[in-house]
Amino acid sequence: MIALGLEGSANKLGVGLIRHTPGKPAEILSNIRHTFVSPPGEGFLPKDTAKHHRSWVVTLVKRSLKESAVKVKDIDCICYTKGPGMGAPLQSVAIAARTLGLLWGKPLVGVNHCVGHIEMGREITGANNPVVLYVSGGNTQVIAYAEQRYRIFGEALDIAVGNCLDRFARTLNISNDPAPGYNIEQMAKKGKNLVELPYAVKGMDCSFSGILAVVDMMAAQLLSGKPKPLLTPEGEPVTREDLCFSLQETVFAMLVEITERAMAHVGSEQVLIVGGVGCNERLQEMMGLMARDRGGSVYATDERFCIDNGIMIAHAGLLAYKTGFVTPLEESTCTQRFRTDEVLVKWRD
């Protein structure tokens with residue numbers, strides 16, 4: 001079976017084609033992505049992002065078909081991101097999926113964005129039954145599978161960790177190309193001084209807005225040019241790189257703590273990191289240190305699969321389609337709120 005996947009829940013528009021053959025690993029036929037990049041110091045507005053997706057979706061679908069040498073008649077279903085995500089971009093992709101479904105006479109499969117990340121991560125890494133840390137610009141969740149549901153053990157109580165990093169990049173007026181979080185990571189590698197920031201773990205949940213408020217105030221003091229510089233307790237001047245380093249170290253330590261607690265609870269020795277922030281090498285390193293102390297291992301993918309993409313939607317959608325699941329045309333809507341644990345995972349035992 002072959003599925004076409006369309007992803008557009010945020011500023012990445014992804015189109016992918018995947019083939020499932022019984023007894024063999026999934027075969028990625030094409031995986032194309034185009035990103036809406038806003039100017040430095042700005043985020044991406046839903047209306048502008050939706051306009052970008054509408055402008056590029058036909059081009060990307062054509063490129064995907066050409067690159068994969070797949071004919072329309074060979075496609076079994078069209079999968080699209082039903083949610084969660086930003087309303088206007090989701091609508092643009094849902095309309096594109098409905099149009100292609102009607103034009104080509106193909107069934108539709110609405111896919112949960114979070115489940116798409118998890119299933120693609122499991123497929124690429126070979127992780128069997130891991131605790132999943134899902135970290136992105138819009139979501140922060142610690143997840144484990146039980147009884148055909150991906151159960152959420154802990155999550156962000158306010159903003160997602162990726163949103164925290166992205167918003168701090170805007171404060172520092174860092175470029176959004178290729179991604180603000182990536183540029184924060186590169187600056188953090190040059191940081192030397194760890195500045196004390198709030199550490200907000202509440203049970204299995206995290207809070208990032210207070211940390212962002214404090215580091216924003218520090219950045220404002222640093223960038224104001226006032227005679228009184230921002231200093232460490234040892235009297236050394238704090239740099240922008242130090243603030244990036246300190247923010248990363250603090251929020252990643254929080255994520256490692258709640259992930260370790262979930263591993264202990266379910267008795268798992270595997271951690272799978274998915275989502276855009278999962279590309280961060282420092283997060284992978286910190287999680288690896290924790291997992292090795294527990295005799296476990298960490299699984300992660302590179303930017304082709306960590307960052308939002310169409311192939312993960314095609315893969316998760318095809319898994320559901322093979323169990324008999326389809327989304328009727330009149331129900332092919334999208335929603336900004338779509339919990340990971342709302343999905344019945346019929347393709348797993």
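The first residue you see is number 1, and the count goes up from there.
Note: Cβ is positioned from N, Cα and C throughout, glycine not excepted.
Because the structure is a prediction, the values reported are computed rather than measured.
These come from TrEMBL:
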- 29-314: domain 'Gcp-like' (DOMAIN)
- H113, H117, Y134, D308: divalent metal cation binding site (BINDING)
- Y134, V135, S136, G137, G138, D166, G181, E185, N280: substrate binding site (BINDING)
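Within the same chain, residues at least six positions away from N280 (substrate binding site) with a Cβ under 8 Å of its Cβ are G181, E185, Q248, F252.
Here the Cβ of G138 (substrate binding site) has 20 other Cβ atoms within 10 Å, regardless of which shown protein chain they belong to. For D308 (divalent metal cation binding site), the same-chain residues that are 6 or more apart in sequence and have a Cβ closer than 8 Å to its Cβ are E7, S9, A10, K12, G14, R33, H113, S136, G276.
G138 (substrate binding site) sits 13 Å from H117 (divalent metal cation binding site), taking the Cα positions as reference. A 10 Å cutoff on Cβ-Cβ distances gives H117 (divalent metal cation binding site) a total of 32 other Cβ atoms nearby, all chains included.
Within its own chain, Y134 (divalent metal cation binding site) has C114, H117, I118, T140, Q141, V142, I143, V274, G275, G278, T340 as residues 6 or more apart in sequence whose C-beta sits under 8 angstroms from its own.
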